[in-house]
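Remarks on the structure that follows.
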Amino acid sequence: MIEFGDFYRLIAKGPLSPWLDTLPAQLSAWQRESLHGKFKTWFNAVEHLPQLTPTTLDLHSGVRAEMSPPISAGQREGMENMLRALMPWRKGPFSLYGLDIDTEWRSDWKWQRVLPHISPLAGRTILDVGCGSGYHLWRMIGEGAHLAVGIDPMQLFLCQFEAIRKLLGGDQRAHVLPLGIEQLPELAAFDTVFSMGVLYHRRSPLDHLYQLKNQLVTDGELVLETLVVEGDSQQVLVPGDRYAQMRNVYFIPSAPALKAWLEKCGFVDVRIADMAVTTTEEQRRTDWMTSESLAEFLDPHDHSKTVEGYPAPLRAVLIARKP
């Protein structure tokens, strides 16, 4: 079973220590009552991975680990088999001892769009909401973050993160917890909070923005990345049953509308830092994620539209400060 004791010890003497009033009981209840039916299979794959300590670790330009002398072909094959037991891999890519995990998303491209616009992460304590496999947590550590904490209720992603951590030498600077943002107390302890690819899945987007704000220290920075539509500050798309084949999409505002929402929630210095159309090069089917992807979600005759006839995915990055 995944143990969280190292994380508890890590936060016990710092600004996150009030979290210990609720977190251990939450995670104990999760382990007793909420495990996914496949969790034991996934965790078994993690347990059978070797504990490797790279001689070369690059978290600055990617997530890449090498060892000298290199691991054997047999070791690499065994490692690949265990990692494939954790498919589908959606967020990455990872390059581990000669094995490349080509994930559905080129999350490194998103990072390249975000990084130039945010405050330096060196020395910061960071929360990443909806962190997936934890790819961006490692990139945050690569930028010098003191501690990067990810939360995501999807248990496969937790196992993927623990697998990568094990192959990176058990690095304790990044941690993933199987929680949603609504399960966190108002910690007001993070220097930077990231919410990327989450807002459009929330039934109450303004509540989500308040939840993010409540995790930030005074003068802390929010990095918000989400789907948007073209339009003025009054423009919001409320899709019907599905958007790009996703059922749980509720509100897709324009970037100016999202800026207004952030200001309404009390954020200041709000700016639209980047906008980019999602391409089938950035999100696609791979050998590590073999089901349908963006190409199947777009109108085959007009890639400016989804199969439902809505505008194709356009993503914006907004930066804001908690006063």
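Glycine residues also receive a Cβ, built from the backbone N, Cα and C atoms like all the rest.
Among the candidates Arg315, Arg321, the residue that Swiss-Prot annotates alongside Lys91, Trp105, Lys110, Gly130, Ile181, Glu182, Met196, Tyr200 as binding carboxy-S-adenosyl-L-methionine is Arg315. Least packed by the Cβ count within 10 Å, out of the binding-site residues Lys91, Arg315, is Arg315.
As a whole number, the greatest separation of Cα atoms within the carboxy-S-adenosyl-L-methionine-binding residue list Lys91, Trp105, Lys110, Gly130, Ile181, Glu182, Met196, Tyr200, Arg315 is 26 Å. According to its DSSP assignment, Lys110 (carboxy-S-adenosyl-L-methionine binding site) is helical.
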